[in-house]
Amino acid sequence: MKVSVLITLAVLGVMFVWASAAELEERGSDHRDSPAWLKSMERIFQSEERECRKMFGGCSVHSDCCAHLGCKPTLKYCAWDGTFGK
């Protein structure tokens, strides 16, 4: 009984190592290509609107913050103003 449990655990360990190595090899090729992919995605999502401060960015007036964000008067940072929509 003990031997069969040990053999089962050893087989599961070998399968885990084999699967991890295969996943690492597969992800490794994607990892080399990812910086170019990320740069292309950055260009796609760049806003054509005016530059605005994102969440928790510093601000002095409400118009400094992006849509649906408002400038908090005490600590001067952009936070959600409680609105939804476009």
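If you go along the chain as it appears here, the first residue is 1 and each next one adds 1.
Each residue, glycine too, has its Cβ placed from N, Cα and C.
For Cys66 (disulfide bond), the same-chain residues that are 6 or more apart in sequence and have a Cβ closer than 8 Å to its Cβ are Cys52, Arg53, Lys54, Met55, Cys78. According to Swiss-Prot, the feature disulfide bond maps to Cys52-Cys66 (among others), an assignment based on similarity to another entry.
Within its own chain, Cys59 (disulfide bond) has Arg53, Cys65, Cys71, Lys76, Tyr77, Cys78 as residues 6 or more apart in sequence whose C-beta sits under 8 angstroms from its own. As annotated by Swiss-Prot, disulfide bond applies to Cys59-Cys71 (among others), with the evidence given as similarity to another entry.
Cys78 (disulfide bond) falls within a strand when secondary structure is assigned with DSSP. Annotated disulfide bond per Swiss-Prot: Cys65-Cys78 (among others), in sequence order, evidence recorded as similarity to another entry.
Look at Swiss-Prot and you will find 1-21 tagged as signal peptide, backed by sequence analysis.
Around Cys78 (disulfide bond), taking its Cβ as the centre, 22 other Cβ atoms fall within 10 Å, counting all chains. Residue density at Cys52 (disulfide bond): 15 other Cβ atoms are found within 10 A of its Cβ, drawing on all protein chains shown. Counting neighbouring Cβ atoms within 10 Å of each of the disulfide-bonded residues (Cys65, Cys71), the lowest count belongs to Cys71.
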